[in-house]
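The structure appears below as C-alpha cells.
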Amino acid sequence: MRMSVIGCGYLGAVHAAAMASLGHDVIGIDVDRERVETLSAGVAPFYEPQLTELLRAGLEAGRLRFSTSMTDSADAAVHFLAVGTPQAPNADAADLRYVDAAVDALLPHLRPGSVLAGKSTVPVGTAARVAERVSGTGATVVWNPEFLREGWAVHDTITPDRIVVGAADDPAGRRAVDLLRDVYRASTEAGTPFLVTDLATAELVKGAANAFLATKISFINAMAEIAEASGADVTLLADALGHDTRIGRRYLGSGIGFGGGCLPKDIRAFAARAEELGRGSAVGFLREVDAINLRRRDRAVQLVVDALDGQVVGRRIAVLGAAFKPFSDDIRDSPALDVAVRLRGLGADVVVTDPAALDNAATAHPQLNYRVERDEALRDADAVVVVTEWDEYRREMSPQHAAELVTGRIIVDGRNCLDAAAWRDAGWTYYGMGRR
Ligand code: UDX
C-alpha cells in the first residue's frame, strides 16, 4: 500500500522503516532537510537498535523514500501523522502546533477516500478537531496511537502488543478501519489483537497507558521512601509483589524514576486536559506521581552528599549514564543528567560517561566533564553514581577493577541494578535507593 508518514522523529522514522519492511511503499516527510538527507542516506538520526538495517533494506528495495515536500505524499492511500507533541512552554498542556501545521500542509493533498491516521500522542478531543478541519476533502480521520518504547522501537512497531484504531462508526469510518486492517495484516496474522474504538477512546488509550505506567513506577518509588524510613528493602518488596500475577514485576523498577520524551510530559498533558474537561480531580493523583518521581532525584543527590559527609565542593564524582534509559541516546528529561547537573550545581567536579548519549549530553550541558571510556570517568573519583542501567555498568563493570581506579570506594546505585553484596565484598560502601 502507498502511504506517507508525516514527521520523521523517534516515532515517524521507525514507523516509516517498519512499514516498508512489511512490504508497503512509504514516503517519509519531514520539514527538517538535514534529517531527510540523513534518513535518505540510510543513517538513523538517533540511536535505535535495528533501525539502520531496516532503513537500508527499505531504501535498497525502493520501498522507502524521504522528502521535505508534502506534495510527494499526494498519491498515498494512508497518511500517518507522527509529529511531536511536546510540553507547551510554561504550561503542562501539550503543544499542538506541529499537529496543526502538518494537517494544514497536508490539506491540499488529501484526496477523497484517503485516510489520515493520527499516531501522535494528543489530548483527547484533538482527533475530532482534526476531522472537522479536513472535512470537505473527502478524506477520513482515524486515530491509531503508538505504544513503542525507545530502544525497542523496531520490535514494538512490527510486533506490537495491540493495535488500536479509533474511527467514527459510519461507512467512511468503517472503510478507513478496513484499510488499516490491510496495513497491519502481517501483525494481526501473527496474532496481534486489533481493537476498534471511537476516536476519543483511541486517544485516551495512549494517555491512560502512559499514566498507568508512570503511576506504577512512582508507586514502587513511594514504597522506596517508606522502606528508607523503616529499614526495609524495596527491591525485595518489588520481587514479592511482582509474583502476584495481578500486579506483575514489570515497571516496578525502583530508583531515580522515569524521564524521557514521553512519560513526564504525557502525564502532565493528561492532567491538564482533564482539568479542561472539568475532571481534574479524577487524575489529581498524577500530580503526586510526578512529585514522587522528582523526589527520587533529590534523594540520589542527597545520598551522594551524605556519603561524602557533606563535603562535595571540588570532589570528583563519576556519573555513569546520561540517557534517560539504556539502549537510547535520548536525554530529554533524563533523571540521570539531572542528578549530574545538580551535583555540579553543588560544586562537585562531575565526570559523566555514557555509551550512546554523550554527544547529546555535552551539547545540552557543556558545564559538565565527559569521558567516552567508563574507566576514564572512574579514575580518581571520590564517589561513583550509577544513573542509567546500561549493561556496561550493570553486568560488565567489575567492582574489583573499579576499586583500583577510584580514590573513594563509594557507590550510589541510582537504578538498583548492581549486585550490592559483590560491591560490598570488594570493599565498597554501597548505597541503593530504598535499600538498607
Ligand atoms: C514510554 C512507554 O513505555 C511507551 O509505551 C510510550 O509509547 C512512550 O513512553 P519510553 O519513554 O521509551 O516509553 O520508556 P520506558 O521504557 O517506558 O521507560 C520510561 C522511563 O521509566 C525511563 O526513564 C525508565 O528508566 C523508567 N522506568 C521504567 C523506571 O524507572 N522503572 C521501571 O520499572 C521502568
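Cβ coordinates come from backbone N, Cα and C, glycine included.
Whatever TrEMBL says is automated annotation, not expert-curated.
What TrEMBL lists as NAD(+) binding site is Asp30, Arg35, Thr85, Thr121, Glu150, Lys265, Arg332. There are 21 other Cβ atoms within 10 Å of the Cβ belonging to Thr85 (NAD(+) binding site).
According to TrEMBL, the substrate binding site annotation covers Phe147, Leu148, Arg149, Glu150, Lys206, Tyr251, Leu252, Gly253, Ser254, Gly255, Gly259, Lys325. Residues within less than 8 Å, Cβ to Cβ, of Lys206 (substrate binding site) and separated from it by at least 6 positions along the same chain comprise Thr121, Pro145, Glu146, Phe147, Val164, Asp266.
Cys262 (active site, nucleophile) carries neither a helix nor a strand DSSP state and counts as coil. Positions annotated as active site, nucleophile by TrEMBL: Cys262.
For the domain 'UDP-glucose/GDP-mannose dehydrogenase C-terminal' (318-420), the number of residues in each DSSP class (helix H, G, I; strand E, B; coil) is 35 helix, 18 strand, 50 coil. Summarising the annotation, TrEMBL assigns domain 'UDP-glucose/GDP-mannose dehydrogenase C-terminal' to 318-420.
By the criterion of other Cβ atoms within 10 Å of the residue's own Cβ, the least surrounded of the binding-site residues Arg149, Arg332 is Arg149.
According to DSSP, Thr121 (NAD(+) binding site) sits in a coil region rather than a helix or strand. For Ser254 (substrate binding site), other Cβ atoms within 10 Å of its Cβ number 26.
The separation of Cys262 (active site, nucleophile) from Asp30 (NAD(+) binding site), Cα to Cα, is 20 Å. In the structure shown, the C-beta of Lys265 has more C-beta neighbours within 10 angstroms than that of any other entry among the binding-site residues Arg35, Lys265.
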